[in-house]
Amino acid sequence: MLSNHFENGMDMARLAWSRLPHSEDGELDGVGLLSTSSNRNGVESLDYEVIENYAYREEQAQRGKFFVGYNVAVKWFFALLIGIGTGLAAVFINISVENFAGWKFALTFNIIQKSYLAGFLMYILINLALVFSSVYIITHFAPAAAGSGIPEIKGYLNGIDIPGILLFRTLIGKIFGSIGSVGGGLALGKEGPLVHTGACIASLLGQGGSTKYHLSSRWLQGFKSDRDRRDLVTCGCAAGVAAAFRAPVGGVLFALEEVTSWWRSQLMWRVFFTSAVVAVVVRVAMGWCKSGNCGHFGAGGFIIWDISDGQEDYSFEELLPMAVIGIIGGLLGALFNQLTIYVTRWRRNYLHKKGNRVKIYEACLISVLTSVISFGLPLLRNCSPCPDSDPGSEIECPRAPGADGNYVNFYCGKDKEYNDLATIFFNTQDDAIRNLFSAKTIHEFSAKSLLTFLVMFYTLAVVTFGTAVPAGQFVPGIMIGSTYGRLVGIFTVNHYKKLNIDEGTYALLGAASFLGGSMRMTVSLCVIMVEITNNLKLLPLIMLVLLISKAVGDVFNEGLYDEQARLRGIPLLESRPNYVMRKMTAREACGNQKVLSLPRVVKVADAVSILRSNKHNGFPVVDHTRDGEPLVIGLMLRSHLLVLLQSKIDFQHSPLPSHSRSGSGAIRHNFSEFAKPVSSKGISIDDIYLSSEDLEMYIDLAPFLNPSPYVVPEDMSLTKVYNLFRQLGLRHIFVVPRASRVIGVITRKDLLIEEESEDSATMELQSTSVRDQRHKTRLLEENGADAERPLLNGLLVQNQRYLKGSFVIVFRDNGRNYS
């Protein structure tokens with residue numbers, strides 16, 4: 001009977017999950033690796049560039065100043081919603097984890113008063129049930145929710161379209177999967193998944209709701225472009241870090257330093273506002289929980305380890321052991337990155353190929369192993385007598401069974417004894433870190449216990465990383481680093497014989513050094529460590545160990561997220577191009593590839609044939625001058641052409657242009673119709689039905705193409721092309737022959753626009769190259785060139801500020817292109 005009820009419940013759960021929005025083919029598998037059908041060659045880019053076709057220009061012309069203000073207000077309102085949503089999600093996750101952990105330890109402590117064996121079995125079963133719920137959710141319903149999600153979000157903000165990472169079911173799987181995996185005691189954290197959670201919330205808001213559940217709103221449809229979603233997801237990433245660590249400034253810097261590839265001052269304000277909202281929401285929730293409304297969620301939960309009462313000063317002699325901590329952090333961090341690469345690669349090639357059932361067995365086996373180690377090792381450790389209590393100290397020794405704090409009485413023969421290994425092993429990770437960071441607890445932990453914990457937890461963290469559960473590496477990294485940091489602190493105290501040296505301070509520096517050696521972050525990590533410890537006096541020391549650990553780690557490999565992104569097949573464009581690119585030109589990078597182009601007026605049958613024969617996402621559009629010379633007039637995106645084929649309203653019988661080159665003629669499309677939905681790959685050519693009559697029709701592409709794509713000369717160095725491509729978030733760049741003539745030179749003063757008078761709507765550019773524009777336009781028209789659709793972006797006029805150029809040459813050639 002019980003088994004029947006269980007099977008019915010599982011069937012109902014499958015039915016409920018099956019109704020959630022799902023991704024298309026190529027979604028990430030259970031460990032966050034791109035499936036074989038979606039390898040690096042099949043990964044698509046996002047369209048961050050604004051396509052300034054006539055549909056876009058008409059839409060912009062119809063929008064007045066009121067719409068501009070409304071647009072800005074809605075963006076700020078979205079930032080508010082992202083902050084509130086991410087803050088509430090973090091509160092829910094933390095309350096759930098703390099309560100599950102609190103019930104688990106309270107029940108276990110009550111049982112071990114009678115039988116340690118019964119308590120041991122109960123402890124294993126509770127952890128196993130929580131981990132099983134997490135891995136089952138990931139493997140069966142939300143495979144893209146596995147791992148931390150930070151490499152995938154970093155790839156998205158780098159311009160890579162990774163299917164499935166921002167879906168509604170991924171958000172649900174991330175939240176409930178994190179509760180199960182962290183509450184189940186695995187050697188991982190919930191902070192990385194919170195970054196992914198914030199990004200999912202931001203993306204769902206950017207969609208304007210869910211069309212599947214008929215919850216979309218028309219007033220949100222103006223924010224469906226990849227460019228707008230990028231800004232929202234950036235706000236979500238910062239909100240996730242701010243919620244995870246209660247570090248709003250650290251969240252802003254994390255988004256700026258680690259995940260984004262493109263930044264601007266307007267976005268900085270909104271990201272900062274979002275993080276501030278998160279801080280307020282978390283603060284309100286903490287105040288509400290202090291009155292006992294959140295069960296076991298008391299002083300723990302949200303990560304903040306106040307060590308403001310710790311070591312107040314340090315001597316010059318202590319800089320040497322602190323530098324040693326930085327070196328150890330760089331070595332252990334680089335080793336951690338390398339070991340996780342080997343383990344993850346082995347999982348991908350051998351273990352996870354066998355299906356979801358093996359992934360579940362693996363996670364459950366690691367759960368049992370972790371429970372056995374965390375419960376069994378403290379049993380082998382002799383208890384220590386409680387130190388003399390300080391009248392002004394609030395630390396109780398031993399602590400009450402099941403309560404938070406230091407000095408755990410576990411398998412001790414006397415009442416006034418504690419087990420130092422159980423204090424950090426048989427505890428939640430947040431409380432264990434709080435115990436390691438605690439000030440004025442000299443000699444609480446022995447060197448033998450710390451070394452045992454370091455070896456075992458380091459091994460568990462390596463083995464656990466890559467399992468099919470949501471997993472972050474911030475908290476495990478802090479635990480590993482604080483352990484060897486406290487070890488160095490013990491040796492320093494014994495060597496210098498000074499009473500003002502605090503072991504908790506060295507634990508903090510060790511945590512910072514390991515995170516710096518593994519993740520290779522500096523500024524954001526430094527601010528996060530200061531915010532979560534509430535001790536500004538340690539800022540110079542944190543900076544020192546971070547710089548040393550990052551320098552040491554860089555000798556061996558790259559940061560954890562960069563290595564994992566490469567392992568997942570995410571083709572990130574790093575901030576610096578490869579040195580080999582300095583010796584290559586744009587023409588050499590193109591190779592001997594054949595360029596597929598479209599005529600201005602294309603036959604529907606020809607367009608369908610081209611779309612079926614390749615998977616290119618952009619095509620040059622070629623027209624002819626009056627003299628019959630070919631002229632590249634713009635770039636046509638594959639997604640836009642599919643929209644035209646599906647709607648059929650722009651089909652015409654005549655092979656002649658239906659619109660004049662000045663763009664006259666009614667545009668029967670809204671610009672938002674060309675936006676690709678985030679929850680799928682958009683329209684496919686196989687989804688479009690065209691009759692034989694439709695195939696004989698024609699389409700004039702002029703109103704819908706991008707009339708000013710970015711172009712570079714064929715002999716430009718590949719390094720400059722790389723910087724151009726990455727800094728502007730491009731998807732396509734045309735490579736053209738050397739220009740035959742120069743029509744002007746634009747400098748900084750040409751980009752400073754002044755109004756002639758308050759009542760005049762005309763603008764004047766202060767440049768001699770533009771004053772006689774009418775005369776030059778007349779000359780161009782006489783030569784058959786298109787004055788309204790110029791291909792002028794030889795060196796990117798409108799983005800001179802980002803490229804820091806002193807001048808830009810505007811040229812004209814015959815319109816041929818190589819790629």
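Any Cβ shown, glycine's included, is placed from N, Cα and C.
Because TrEMBL annotations are produced automatically, they should be read as predictions rather than curated entries.
If you look up TrEMBL, you'll see 584-651 (among others) marked as domain 'CBS'.
Residues or ranges marked as domain 'CBS' by TrEMBL: 705-762 (among others).
If you look up TrEMBL, you'll see 72-95 (among others) marked as transmembrane segment. Beyond its flanks by at least six residues, the transmembrane segment (72-95) meets 175, 178-179, 190, 194, 197-198, 201-202, 205-206, 219-220, 222-223, 231-232, 235-236, 239-240, 242-244, 270-271, 273-278, 280-282, 285, 289, 294-295, 297, 301-302 of its own chain at Cβ-Cβ distances under 8 Å.
Annotation source TrEMBL lists transmembrane segment at 115-138 (among others).
TrEMBL lists 232-255 (among others) with the feature transmembrane segment.
According to TrEMBL, the transmembrane segment annotation covers 267-286 (among others).
What TrEMBL lists as transmembrane segment is 319-340 (among others).
Residues 30-31, 135, 138-139, 143, 146-147, 186-188, 332, 336, 339-340, 343-344, 347, 352, 356, 359-360, 362-363, 366, 369-370, 373, 377, 381, 421, 424-425, 476-477, 479-480, 483-484, 486-487, 490 of the same chain sit 6 or more residues outside the transmembrane segment (450-468) yet have a Cβ under 8 Å from a Cβ within it. TrEMBL lists 450-468 (among others) with the feature transmembrane segment.
Taking DSSP states H, G and I as helix and E and B as strand, the domain 'CBS' (705-762) has 14 helix, 18 strand, 26 coil. Broken down with DSSP, the domain 'CBS' (584-651) shows 25 helix, 22 strand, 21 coil. Under 8 Å from some Cβ of the transmembrane segment (232-255) lie the Cβ atoms of residues 78-79, 82-83, 86-87, 89-90, 153, 156-157, 166, 190-191, 194-203, 205-206, 223, 267-268, 270-272, 274-279, 281-282, 302-304, 474, 521, 523-525, 527-528, 531-532, all in the same chain and six or more residues away from its ends.
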